[in-house]
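To start, the structure under review is shown below, and the notes come after it.
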Amino acid sequence: SLRGSWWLRSGNGSVSLRAEVPGCVHTALLCRGLIQDPYYRFNDVKYRWISLDNWTYSTTFKTPFDVRKWQKVNLVFEGIDTVAQILLNNVTLGRTDNMFNRYSFDITSVIQEVNFVEVRFLSAVSYAAEQSRCHKAHGIPPACPPPVQKGECHVNFIRKEQCSFSWDWGPSFPTQGIWKDVRIEAYNHYHLIYFSLTPFFVKNAQQWCLEVESIFDVVSSKPVAGLVTVNIPKLQTQQTFSVKLQPGEGSIVLHVNINKVRSSAVEPWWPNGHGKQTGYNMTTTFVMEAGCQIEKFSKVYFRTVELVQEPIPGSPGLSFYFRINGRPIFIKGSNWIPADSFQDRVTSDILRLLLKSAADANMNALRVWGGGVYEQDEFYDICDEIGIMIWQDFMFACALYPTDQNYLESVRAEVSHQVRRLKSHPSIILWSGNNENEAALASNWFSIPSADIGVYIKDYVTLYVKNIREIVLTEDKSRPFVASSPTNGLESVKEGWLSRDPYDTHYGDTHFYDYNSDCWNWTVYPKTRFASEYGFQSWPSFSTVEKVSSPEDWSYTSNFSLHRQHHEGGNIQMLQEIARHFKLPQNPDPVKHFKDMIYLTQVMQAQCIKTETEFYRFSQSEIINGEGHTMGALYWQLNDIWQAPSWASLEYGGKWKLLHYFAQNFFAPLLPVAYEDKGMLHIYGVSDLHVDHKLTLRVVVHAWSSLEPVCTLTTEGVTVKAQSAVPIYKEPISDLLERCRNCTRKSCVITFCLVGEDGLRSPTNHFFLSSLKDAVGLQKTQLSASVSQQDDIYVFVLQTTAIAPFVSLDVGSIKGRFSDNGFLMTEKKKTVVFYPWEPTSVEELESSLILTSLLDVV
């Protein structure tokens with residue numbers, strides 16, 4: 001391994017320092033105290049010079065073996081970010097231009113006893129500009145990001161994390177560095193490069209079969225023969241194959257049939273909420289005539305995936321849903337972006353915390369979005385382990401891309417490397433060619449004259465269909481591929497891979513954003529087959545913002561607040577959305593006003609996405625006016641790359657926003673959902689459970705002015721069907737209000753839940769009959785909490801003197817999460833549990849706790 005401390009110097013040698021590898025220039029400078037936190041205040045702009053310079057990494061190493069004894073020696077880089085010349089002992093080995101590729105250089109004839117390695121980087125920003133200048137054929141838009149993003153230009157000309165030149169939720173930090181492992185490999189005869197396992201269920205034999213693929217580099221001039229034994233003890237399966245490896249790079253594919261008797265006993269891998277994530281230990285032993293024996297230990301998972309696109313009775317178009325192990329699964333989750341601008345800071349602990357938070361909020365899926373990176377192995381390992389399905393984009397987003405020969409060759413190598421690296425993961429259920437590029441062409445985002453559009457369509461098909469898709473289908477026959485998101489699926493294919501309207505609700509998936517309508521009004525949302533992106537912004541909590549700002553920044557309209565907002569008009573859009581239903585804060589104290597605004601943006605975001613997600617969930621079993629059968633809801637976005645206003649439900653550092661607490665409820669496996677249509681209140685029972693349940697529906701009406709319910713309606717024997725959404729209650733709102741003694745829309749609120757045998761219970765849901773700014777009878781409450789410790793957790797007992805909407809518990813920067821937050825408190829007492837992620841104490845929690853409810857905002 002060549003991990004560890006290297007030398008790093010700037011282009012003209014004026015800056016020279018020790019730097020950790022894997023790593024990047026920014027974190028090296030930070031580590032040595034040569035720059036401040038890059039995320040602090042306006043440093044993203046202040047430190048632009050770093051990415052405009054050309055940096056060089058170098059190190060000296062002694063060869064730990066006798067070079068003469070090995071037929072082949074390689075220098076292997078698992079990841080180089082991005083454009084570099086690689087030298088060993090002043091001999092140029094080659095150049096790199098793709099962050100997502102693995103580079104292996106043959107150094108057999110160059111390596112000595114003591115060696116000097118140099119990686120000379122070229123600024124990604126100047127390289128991208130130069131590539132764009134040289135591309136004479138036709139322009140490849142967009143040239144630059146919108147000014148509000150304070151970003152760099154021509155990112156589509158470099159195979160690098162696309163959001164590293166800025167995005168509408170993230171800063172511009174075009175890093176340089178050796179971002180993954182680097183090592184020397186020496187071998188004789190043969191060497192295993194890739195190893196993958198893909199399960200298939202053979203229907204007619206009713207038996208699981210495992211495809212084991214090994215890719216070798218064979219250095220001997222003659223074929224190498226030998227035996228391969230695959231052993232899965234728990235499934236009483238052992239098979240030995242004789243193989244012959246041809247000289248050069250090549251692959252062998254073995255088909256292992258799982259013992260017939262055990263095949264029926266195989267526990268498949270299920271998504272979170274649908275069963276266990278059983279994996280089986282497996283040993284693969286290669287014993288070849290020449291060379292050493294290789295023993296490979298792996299975990300093998302059994303699961304099948306199908307993307308079903310079929311006609312639906314009573315609806316034009318086609319369905320779009322996933323079947324896992326033969327069972328249709330409603331996809332619940334969000335979209336994943338890079339967890340940091342500096343990938344070397346993303347530890348497996350951080351990944352585990354974020355992914356565990358997704359699973360804890362009842363999610364079963366995430367989409368790894370195409371403007372970031374193909375995530376590290378640990379990311380997918382954790383998803384395998386906790387049952388998070390992955391919709392995996394290839395790294396192309398919101399742009400058109402070149403298709404010259406060099407570019408295509410680089411992309412082909414990238415795709416083949418990534419598919420080989422990742423295809424053994426049961427968590428990955430779909431490959432998707434790009435993010436929004438079909439839509440960009442279909443809706444002509446870049447104002448391309450109609451005479452020229454043909455060239456760009458040809459480029460599109462060349463890149464995503466003739467190259468990426470072709471490689472994916474060759475490398476991996478076990479999971480579906482779509483060319484883009486949003487797409488019309490098979491209909492897009494039929495229309496030559498570019499549909500007239502990729503947002504058509506009758507086909508494929510949709511992305512939907514609307515910041516001008518009332519988000520409480522469900523009729524504005526598309527009754528789509530699959531909602532793969534939708535969202536609203538909010539601000540992260542004050543404790544998160546505080547770390548990267550100074551007191552003069554603490555106002556909603558400060559230069560800092562504008563600087564951090566990378567979405568045009570975003571801060572004003574949030575204000576307008578809040579003002580529809582809530583009174584805007586008038587506090588003369590600017591800091592209190594800022595904190596009130598932060599709280600209200602989080603309340604607004606949570607309530608908006610709750611309304612929209614519940615709409616998608618209750619649409620899963622019905623067709624209305626030819627639309628419906630919605631089978632997926634992935635909101636935009638799960639996590640944050642820095643501390644700034646964004647669509648995320650988890651703040652940078654992992655703290656849960658109110659939205660994430662709401663997600664825990666609106667993604668609950670059993671949930672009653674209410675909506676109003678033409679004066680009628682409808683309640684649906686939504687279930688992801690595998691069996692039907694007879695339940696009791698409790699509808700409670702409260703006056704805002706009293707903790708005593710005005711009336712309670714109990715309906716017993718309500719059937720909530722397995723894995724569906726069925727209407728279980730309806731009543732005209734006027735009748736309901738009359739029944740409940742003089743309630744009016746403004747003076748009362750409805751809460752409801754489903755209760756069954758054996759402790760089966762849904763979360764308590766709420767439905768507002770008017771905007772809360774118009775609510776009558778709401779009283780300012782005295783909220784108090786007592787804190788005690790029980791084993792590893794902390795118990796907060798809350799008390800209130802009046803009904804309190806959107807009660808928020810905030811313990812500042814103490815790391816952890818509550819069992820519930822942002823709730824409507826309709827009882828005098830409520831117990832909430834705090835799960836710490838690091839050691840804390842009752843005293844620390846008490847002194848940090850801030851309790852807020854809607855009436856604290858004045």
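Including glycine, each Cβ sits where the backbone N, Cα and C put it.
Note that TrEMBL annotation is computational and uncurated.
Copied over from TrEMBL, here are the features:
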type   : residues : note
DOMAIN : 6-180    : domain 'Beta-mannosidase-like galactose-binding'
DOMAIN : 322-481  : domain 'Glycoside hydrolase family 2 catalytic'
DOMAIN : 681-774  : domain 'Mannosidase Ig/CBM-like'
DOMAIN : 778-856  : domain 'Beta-mannosidase Ig-fold'
Taking all residues of the domain 'Glycoside hydrolase family 2 catalytic' (322-481) together, what is their mean pLDDT?
98
When counting C-beta pairs under 8 angstroms to the domain 'Beta-mannosidase-like galactose-binding' (6-180), the leading stretch of 322-481, 681-774, 778-856 is 322-481
Using DSSP, tally how many residues of the domain 'Mannosidase Ig/CBM-like' (681-774) sit in helix, strand and coil.
10 helix, 52 strand, 32 coil
Sort the residues of the domain 'Beta-mannosidase Ig-fold' (778-856) into helix, strand and coil with DSSP and give the three counts.
10 helix, 38 strand, 31 coil
